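Before I ask anything, here is the structure I am working with.
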Amino acid sequence: MKLAYWMYAGPAHIGTLRVASSFKNVHAIMHAPLGDDYFNVMRTMLQRERDFTPVTASIVDRHVLARGSQEKVIENITRKDTEERPDLIVLTPTCTSSILQEDLQNFVNQASLNSKSDVLLADVNHYRVNELQAADRTLEQIVRHTISKAKKQNTLDLTKTLKPTANILGIFTLGFHNQHDCRELKRLLNDLGIEVNLVIPEGGSISELKMLPQAWFNIVPYREVGLMTAEYLKSNFDMPYISTTPMGIIDTAKWIRQIEKVLQQNNFKPKFNIEEYIDNQTRFVSQVAWFSRSIDCQNLTGKKTIVFGDATHAACMTKILTRELGLRVICAGTYCKHDADWFREQVQGFCDNVLITDDHTEISNVIEKSEPDCIFGTQMERHVGKRLEIPCGVISAPIHIQNFSLGYDPFLGYEGLNQIADLVYNSFSLGMEEHLLEIFGGHDTKAIVTNDIPELSNFAWTPDAVIELNKVPGFVRKKVKRNVETYAEQQKITEITAEIMYAAKEAVG
Amino acid sequence: MTSSITETLTFECETGNYHTFCPISCVSWLYQQIEDSFFLVIGTKTCGYFLQNAMGVMIFAEPRYAMAELEEGDIAAQLNDFKELKRLCLEIKVNRNPSVIVWIGTCTTEIIKMDLENLAVLIESEIKVPIVVARANGLDYAFTQGEDTVLAALVNRCPSEELTPAVHQEVDKTNQSDQSTIDDSLSSQKTQHPPLVLFGSVPNIIQKQLITELKQQGITVSGWLPSRYSELPVLNSSVYVCGINPFLSRTATSLMRRRKCHLISAPFPIGPDGTSSWIAKICEVFGVVPESLKEREEKSWSYLKDYLELVKGKSVFFMGDNLLEISLARFFIRCGMIVYEIGIPYMDRRFQAAELELLEKTCQAMNVPFPRIVEKPDNFNQIQRIQSLQPDIVITGLAHSNPLEARGITTKWSTEFTFAQIHGFTNSRDILELITRPIRRNTNLNTLGFTTVVK
């Protein structure tokens, strides 16, 4: 048992549901007690989804505990099959259901006898893997299942496309800026004369999955999700994959050169010089190479920062801050403990210290002790920053609704770098602004936002009324007081009690 | 919908495949209400993830609740529950020094049959901090019923008699003209009645407002459940109790069976009609003739005029997730709305008897058909019904709000009714403010001409 207040990565079933619900026409059925379908809320709220989340629960209740859930699960699967005719139904165990130790695989086998949809049991251990690991595993499982099925049915066509094509693996729902990143990757590939074969899981359909091997290679933009699938496709179909994250000038160039190498191996010669393309993008399309040389940016030199997030974003951010913007990263950390070795290797030489932890108090203590000029982290670090009055840019999940921006805001590629530079610069200039304001005596509007009750008044406020008034949040207190006094005046009352306040609220709101 | 009016309310029961919050969410409002408490939720990452996301920014405010996160060793009984829980509770005692630690049992502790009640007794005697156990799990309960389990557990911790000899408190009764109620010192009459304890968690300001309303009828409230742990009310066979929320049936049962209290069965003080009936019922039980109560209610309605014009004739569909549905539907019908369906997670017809009766009377008075009451609803079926009925407003959880809005159906997020101040005359405006907000918003936007935004 451990005392926990906050977690960076969610439970395993969330990862499975994120992958399943990203596909088109795939339905997930959770084997879970009432209230565990909170994922649906997150998806419709955070991502402002217009469609109903294709996730339902087969409820585990007292009756299920007594009798077992066999009939109920099978019934729910076949019901969903007839209601929505999905291509695939993914039965998703939860931590509760996994303790029941029912033979869910057996239910799946039985249900698939009667249903037109494919039925799959998500193979994740709730007590050993987290959300991200489960997502990686589920994506691989769905791909493996579909391709094996095609192989059996002899519908697997392994002919490569005529023109160079790539699959993008690991773009999915509730991912940090995933939609924008995907658009940016497509744009880059288009520039390089490469077509996108499939993007999975987001928007992908099960029937298309058998076309995955027709692409020349795979792109895995994020460490967390997609690597297992890429490995599977490599070992079964000898498909190369690129797992470099094209975030920052240097890594984007590296990513492009790796693509060039794949093309060369396939004896394909791009119509233009790749190095010229990189150079042009770096110096003129992206603003950052120039931005970091501009006078303004001198002020950022050697500024102390702390970086924390998932492995992909924290590692890339650390490298960008140090190599490309000239700041100093005093501590780089990740909560992806399962990927600690890779992370250490990536940030080696780019930061003073490495921190691998999923305990938010640890990173919070480091921030408190080392007093950085700026933090780049998750929403948790943003709140730590607020408490300590240190600016923070959010670079990784877990995130709130404001991190699902409506406007185009990628983190990858050349446009992504522009966005990152803005994020870094804005965090700092705001920090500086606060600092300067403090030095020069603060905003001259300070008096207006005071919480005190104005003295001048023709009304006698009884002590209990003053207590009630003080319970009203400071920023509306003045308005409430005015409303109450207006009401009292109308009623020709000169002494204001708590009761008068309630009456006024009822009358004027 | 047929317009014929049936004789009595009908109840249906569906599959129970519906979306609601897990009952452990009650810690978020109870830890604020019981100021000297600490809530420890004994469960898995799933519970923690839910709380963390559902509580939003509250989680950053160093709340007085935490997860005792069960790990594989706990599930496989390789670790000793007693030692583990004792270690965590000691840590909480040292860091936070609460007057009481409330353990929230979850689905996992139920399934692995962790004997929380016995462990609590043992650990309580060792660490010298009271430990209250509430099994607020998703196997048995929905959302607000979590509060019910906690309050029912707290009932056993209330003292049974005052330290000083129990004397029925004599109460100042003020003259009933609206002006004179301001001044407590104007007492002219005295009334005696047995002690009255109210139960149900609401912010202090609402407590004070309801107490004030009763005081105007000469009725004193001698305690409130919950309150600070150190100030829990005295409960014994001379005490009368009355609930203010419709989801407190277990608490009511515990009060009656374990503490021999007398339950006053009344409609709930939601809306001017509910509040007025609630006060009238309490007065009736105590043999008090309510003074100017009708006038009080009329006045309250008169303040709602602008909102009533907006809601009149509008149709409502409750998908059901928080058990406030019957009371809210009754109030909305009285406001002139038409309710198609009242989905509700669980319907205790005995505890809600007075409320159901008022609903019936209200339907008859307003000459509208009885709504269909659907217990343990099935969200998939409900959405089919919503699409064919096309109600003016659907009251539903966040899982369905955005998808319905995208299909041109106006929604109100149901959970807001749980967290907003909705009790008493004073806050009736707030309920209508909530329900009319989407109507007002969409009236503004509809002129743009794109009400559906799905392909």
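Using N, Cα and C of the backbone, Cβ positions are placed for all residues, glycine too.
I grabbed these lines from TrEMBL:
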type	residues	note
ACT_SITE	A:Asp296	active site, proton donor
BINDING	A:Asp36	[4Fe-4S] cluster binding site
BINDING	A:Gly431, A:Met432	substrate binding site
DOMAIN	A:12-428	domain 'Nitrogenase/oxidoreductase component 1'
Can you tell which of A:Asp36, A:Asp296 has the least company, meaning the fewest other C-beta atoms within 10 angstroms of its C-beta, among these recorded positions?
A:Asp296
If you run the three-state DSSP split on A:Asp296 (active site, proton donor), which class comes out?
helix
The domain 'Nitrogenase/oxidoreductase component 1' (A:12-428): mean pLDDT?
94
In whole Å, how far does the CA atom of the residue listed as '[4Fe-4S] cluster binding site' lie from that of the residue listed as 'active site, proton donor'?
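That comes out at 50 Å between the alpha carbons.
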